[in-house]
Amino acid sequence: MSAPSSTPSASAESAATDCDFLTPDAGPKPPGPTPSQSRFQVDIVAEAAGATEDKSPSSDASTTVPSSDAATPAAPPEGPGANPGVGGGEEAKGRFRVVNFADPSEAESAASPEAPGEGLQNGDTVMSETSLHSSTGGQHHYHYDTHTHTYYMRTFGHNTIDAVPNIDFYRQTAAPLGEKLIRPTLSELHDELDKEPFEDGFANGDELTPPEEAAAKEAVDSKGVVKFGWVKGVLVRCMLNIWGVMLFIRMSWIVGQSGIVLSCLIVAMATVVTTITGLSTSAIATNGFVRGGGAYYLISRSLGPEFGGSIGLIFAFANAVAVAMYVVGFAETVVELLAGVDALMTDEVNDVRIIGTITVILLLGISLAGMEWEAKAQIFLLIVLIAAIFNYFIGTFIPLKSKESMGFFGYDGTIMWENMGPDFRQGETFFSVFAIFFPAATGILAGANISGDLADPQLAIPRGTLLAIVITGIVYLGVAVSTGSCIVRDATGNANDTVSAQFLTNCTDAACRFGYDFSSCKTTKDCHYGLQNDFQVMSMVSGFGPVITAGIFSATLSSALASLVSAPKVFQALCKDNIYPGLGMFAKGYGKNNEPLRGYILTFGIALAFILIAKLNIIAPIISNFFLASYALINFSVFHASLANSPGWRPSFKYYNMWVSLAGAILCCVVMFVINWWAALMTNVIVLALFIYVSYKKPDVNWGSSTQALTYHQALTHTLHLSGVEDHIKNFRPQCLVMTGYPNSRPALLDLVHSFTKNVGLMICGHIRTGYRRPNFKELATDQARYQRWLLKNETKAFYSPVFAEDMRQGAQYLLQAAGLGRLKPNTLVLGFKNDWRDGDMMNVETYISMIHESFDYQFGAVILRLKEGLDVSHIQGQDELLSSQEKSSGMKDVIVSIDTSKDSDADSSKPSSKATSLQNSPAMQKDEDEDGKATTQPLLKKDKKSPTAPLNVSDQRLLEASQQFQKKQGKSTVDVWWLFDDGGLTLLIPYLLTNKKRWKDCKIRVFIGGKINRIDHDRRAMATLLSKFRIDFSDITVLGDINTKPKKEHVSAFEEMVEPYRLKEDDMEQEAAERLKDSEPWRITDNELELYRAKTNRQIRLNELLKEHSSTANLIVMSLPLARKGAVSSALYMAWLEVLSKDLPPILLVRGNHQSVLTFYS
C-alpha cells in the first residue's frame, strides 16, 4: 500500500513551531546534540539526489543529524564539493535509526527549503529524496543515508519509528554473519519528546566480552577465508580420526581373544558411548551460533568457564600429546619395515625418534601452509585408507593355498562357529580387551574442534559426526565378523603340518577340515600366525599387502594431522577468553583464517618432547582418559541444560534426551576407570585442580551458562518451598534492612551488620532517593547493577535495593513493605544514628523517628548504630575510589561521582548529600543538571594515580579511621550487652552471632542487667541460668542496682539546655496559637510531656553515666533501645533521649526486637 498523504498544514506548522531548529534559516548548528534536543528531532535532509555538489559548508552543517548515541557526531564535509558520504566515521553505522517518510509525490516539497513542514506525518523527522524514490509500498526497507549515517525504515507502508522483527537486531556486536542493528529503545518509543535521551545499552547478555569482541571483529572480514562444508570439514576428519591403527593391527587380535560375539559387543559398547556423545554434541552445537574452540567452546558456553577452562586445557594438551602418539605409531611401523630388510640407521628406539621428528616437522609444514592444504592432505589420506579397507575385504574372498598354513582359509561356517566364543589368554579379560579397543572409537570431536572453520557448524557438526560414527561402527563390525569367519586363532605357518587320514577322526579344530593340524600351537605356544599371534594378519589376508601398510600410514598420519590442527585451535579459543591470564600470547591469530601459529609451534614442541621419549605405553591411557573426561562433560552439559529448563535452551537438533545424556556421562566415567583406574584418578584430580583454580580466579565472563540457569531454578524452587513452611524460633535469623544509602557511603554500618548476617541471614542495603527532578528509573536500574557488583567485589553478602520516593518517610514505607521475597524478607530495620539532628530541618528528625515507629508497626525489630565520629563518609573525596577502579576494570565507562559539599546526616539515605554519590552517565549530563539548577553537586575528580588528593582535616581523618574499624580483627576486649528489657532476645542474639565470627572471636560477652540492690545475687544467678540454657557463653554478669538513682545535676542541666530550642512553651502563649504551632511543627516538646516523662528522661541520663563508668573500654556496646509511645512522645524528645543515652561512648548498638521470642532452650 502506498504512504498516506501529508498531514494537514496545521500540524506541520505546529511541528515547525515546536522544533524551530528544523527551519533552514535557523543558521548553522554544531554537529553534536544540545541538552534540549531529543533523538527524534533531526534536521531535514534537504539534499536531492543530484544537488549535493551545490551545497555550502554551512548548509551541510545544518543538515547533519545530531545523534546522541554516536560515539562522535558526524562532522560536516569540508568544502562545497565534498562528498557527504565521507563526513563522520563508522561509529554510528551500527545504530538503527528511524525517520519519518513523506509520500514520493510530496518529495519535492519536502526537499524545498520554503516548505519544511510539508510531507511530515508525525513531525519526528524526514527522509532524503534518494531514499524516498527507492522505497516501495507494502514492504519495509532499510535505506542507509551515507551523509547522516542513518537507517531509514518503512513499515507496512506507514511511517513509524517502531521496528518490525529483524535478525540484525539479535546479532552481537561485529558479528561475522552480518551487521548488528539496534532496535529503537523503549525510552525512544515511550518517553516524552522533551525528555533527555538515555544512553543505549545492550539487552541482557548481548554485550560481548573484549575477547569475544576481538574474535567477532576478526571474523567480520570473510574475504579469502576458507570455510568447510560438512563432508570435508567434519565427516572426513572424524572418519580418519576414528579409523586408527587399531583397525589394521589390533582388531584381529581382539576377535581372537574375545570371539566374534564379544568383539561385536565391545564395538557396540564403544559405539553407544560415542553415539550418545555425538547426539549431545549435536544438541549443544545447534543451540546457537558456534565459534571456534570445539569441545572447549561447547562445554564452556554450556557449563561455564570453570568446567570449560579446566577441560579446555587438558583437551588441548591431550590433542598435542596425541600427535606424538600417532607419529610414534607411524614411526614404529616404518622401523619394522626397515628392520625387515635390515636397513636400520642406528637402533630401533633412536630410529623411531629420528623418523618421528622428521614426520612431525612435515606435518607442521602442512598445517602452517593453511587449512586448505591440510584439508587436501586429509582427503588424500582418506582415499588411501578406504582403498586399504576395500583391499582387505576383497582379499577375504580370494583364498590362496599359500596362505592356508598361516591360518587363512576363506569364509567357512566351521571357522566362524569356532571363533564365536572367547578364548582369553595371557591374563586378558573382557574389560582389558575393551580398554585396548576403546581409544579406536575416539576422535568424534575432530570436526567440532575446527568449528570456527566450518561454513555452517550447526548443520555440519551433527550431520558429519553422527554419520562418521555410523560408518566407522559398521566397518569395525564388518572387520570383526569377517576376520572371525575366515581366519583361525592359531597357525604354525608351516605348510607341512597336515593331518594324516588316521588322525582326521581325532582332530576337532576347524583347520582339520582343510587338512591342517595346528594342535602343536596349544602345547608349545610358539606359533606366530593366526588371529591370536599375528598383528599383521589383515595385511596377509588382503589382496595386496603393501596397500594395508599404506592404510596404516594413512590412519596414523591423518590422526596426527587432525590432532595437530585441533590442539592449537582449542588452545587459541581458550586463550582468547583469558581464563588463564598468563597464556594470552597464544590467542593471536594470523592471516585471513586467523591461524594460531604460536599455538602450532607450542603443539609441535609438546609433540616433539613426547616423540623423543619414544615410549608412550604410559601416556596413552592418560590421553584416552582426557578425551573421555571431555565426552563426559559434553553429555553432562546437555543433561544440566535440560534440567535447568532455561528458555534459552532450544537446540534445533531434537534427537537427544537428558537422561540418555546423563547415562552417557556416567558411562564415560565408568569407561575411564575400566581403561585405567590410576589414569582416571589422575585425570579427575587434574580437572578438579583446574576447576578450583578457575573458580578461585573468577574470570569476568558471562556466557549465560546452564549453571546460572540451574542456580536460578534451584533458588526459585527453594524460595517457594520455604514460603510454605512456618517460621520456627530455632531457625530465626536477623534479616536486616540496612538504610545505608549508597553502600559505600556508610562503611561502618555496612561492615558491622555484615559481620552478624554473613552466612546467617539476609541483608538488604536500602537506599531512598528523593528529589524534585523527575525520577530517572533507567539510571536507578544502572545504579542497582553497579552497586550490586560493588558489593560482590567487596565480598559483602548483601543486596542493594534503591527506591524513588517523594520523601524519606514514603521511601521507608516502600522498603519496609516491599523489600524481600517470601520468607527472604527483612525482619529488622537498621539505621545509623542521626548525629546532626540539631543542625538541620527538624522535619527530618520527625521523618527519622517516624521510620522507627513504622518499623514497629510492621512488626520489625529496630537497631540503631552510633559512632561518635559519625558514619557518613560520602563527602570525603576519594572514598569511593574502589568503585571507580572496579568499573574501569570491568570495561565499563568511566564514572563521574558527584558529591555534595555539605555533610549529611548518617541516617538520611536520600538527602542531597548521600544521594550525592549519584553517578551520572556522562560529563555532559552532569553539566546540564548544573545549568538547570536541578542538582547542586560538584564533580569529584576521576581517580587517577597521578592526580593528587586534597589533604583531609582532622575530623574527616578520624571519621575515615572510625569507618574502617569493623573491617579489622577486634582484639581481646569485650562486647558489653546491656539487656535491660526483654525484647524477645534480639539484644542478646546479635552479640552472640558477632562473637562467633573470626574478627570478633577474641571478644568476651559481658552482660549488664537491671535489678534491686537487695536481690543482686539472686538476679545474677537467674540470668546465668537463663544464658546457660540458651547455650550462650559469657564472661561476666553485672546487676545494676542503682539505675534509678538520680543523675548528676550538671547532666540534667545539659539535657534541659539541649531541648530548650525544641520546646513548645504553650504556657507562654494562647491555646489557639499553641495548637497551630504544634500542628505545623509536630516535633515540638510540650511542657506537660516534659514533666510527664521526667523519670524516663532521668533514666536515660543515668544510664549514660553508668555506660561511661562500666563500658568505656568495650569494643562494642549492645543496649536495649528505649521505646516511646507513638503519638504521646514528640520526636524531638525521643531524639534527645537517644542523644543523651548514647553520647561520648564507644560504638553503641541500640537494639529492640519485636517482642517475639528469637531464642529458645528447647531442642
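Counting starts with 1 at the first residue shown.
Even glycines carry a Cβ here, placed using N, Cα and C.
What TrEMBL records for 1-17 (among others) is compositional bias 'Low complexity'.
Annotation comment: TrEMBL describes 58-73 (among others) as compositional bias 'Low complexity'.
The compositional bias 'Low complexity' annotation in TrEMBL covers 107-116 (among others).
According to TrEMBL, the compositional bias 'Polar residues' annotation covers 122-138.
Taken from TrEMBL, the feature domain 'Amino acid permease N-terminal' applies to 145-197. Across the domain 'Amino acid permease N-terminal' (145-197), mean pLDDT in this model comes to 64.
Per TrEMBL, domain 'Amino acid permease/ SLC12A' is recorded for 233-737.
What TrEMBL records for 746-1163 is domain 'SLC12A transporter C-terminal'.
What TrEMBL records for 1-91 (among others) is region 'Disordered'.
Per TrEMBL, the feature region 'Disordered' maps to 104-140 (among others).
According to TrEMBL, the feature region 'Disordered' maps to 901-953 (among others).
If you look up TrEMBL, you'll see 230-249 (among others) marked as transmembrane segment.
Here the transmembrane segment (261-290) has long-range neighbours at 175, 177, 242, 254-255, 297-298, 301-302, 420-422, 430, 433-434, 437-438, 440-442, 444-445, 448, 451, 454, 457-458, 461-462, 465-466, 469, 473, 476-477, 480-481, 484, 631, 634-635, 637-638, 641, 648-653, 655-656, 660-661, 663-664, 667-668, 671, meaning same-chain residues at least 6 beyond its ends whose C-beta is under 8 angstroms from one of its own. Among the features that TrEMBL reports, transmembrane segment is placed at 261-290 (among others).
What TrEMBL records for 310-331 (among others) is transmembrane segment.
If you look up TrEMBL, you'll see 352-371 (among others) marked as transmembrane segment.
Marked as transmembrane segment by TrEMBL: 377-400 (among others).
Annotated transmembrane segment per TrEMBL: 429-448 (among others), in sequence order.
The transmembrane segment (230-249) and the transmembrane segment (655-673) are not in contact, since fewer than 3 Cβ pairs between them lie under 8 Å (pairs 6 or more apart in sequence).
Where the transmembrane segment (352-371) meets the stretches 460-479, 597-616, 655-673, the count of C-beta pairs under 8 angstroms peaks at 597-616. Looking at 310-331, 460-479, 597-616, 655-673, the range that has the most CB pairs within less than 8 A of the transmembrane segment (622-643) turns out to be 655-673. Long-range contacts of the transmembrane segment (310-331) within its own chain (CB-CB distance under 8 A, at least 6 residues past either end) are made by residues 244-245, 293-296, 299-300, 351-353, 355-356, 359-360, 363, 449, 552-553, 556-557, 559-560, 563-564, 566-568, 570-571, 573-574, 579-580, 602-603, 606-611, 613-614, 616, 619-620, 622-623, 626-627, 629-630, 633, 683, 686-691, 693-694. Against the transmembrane segment (377-400), stretch 460-479 has more CB pairs under 8 A than any other of 460-479, 597-616, 655-673. The list of residues near the transmembrane segment (655-673) in space but at least 6 beyond its ends in sequence, with Cβ under 8 angstroms from a Cβ of it, reads 272-273, 276-277, 279-280, 282-283, 434, 438, 625, 628-629, 631-633, 635-636, 638-639, 642-643, 679-680, 683.
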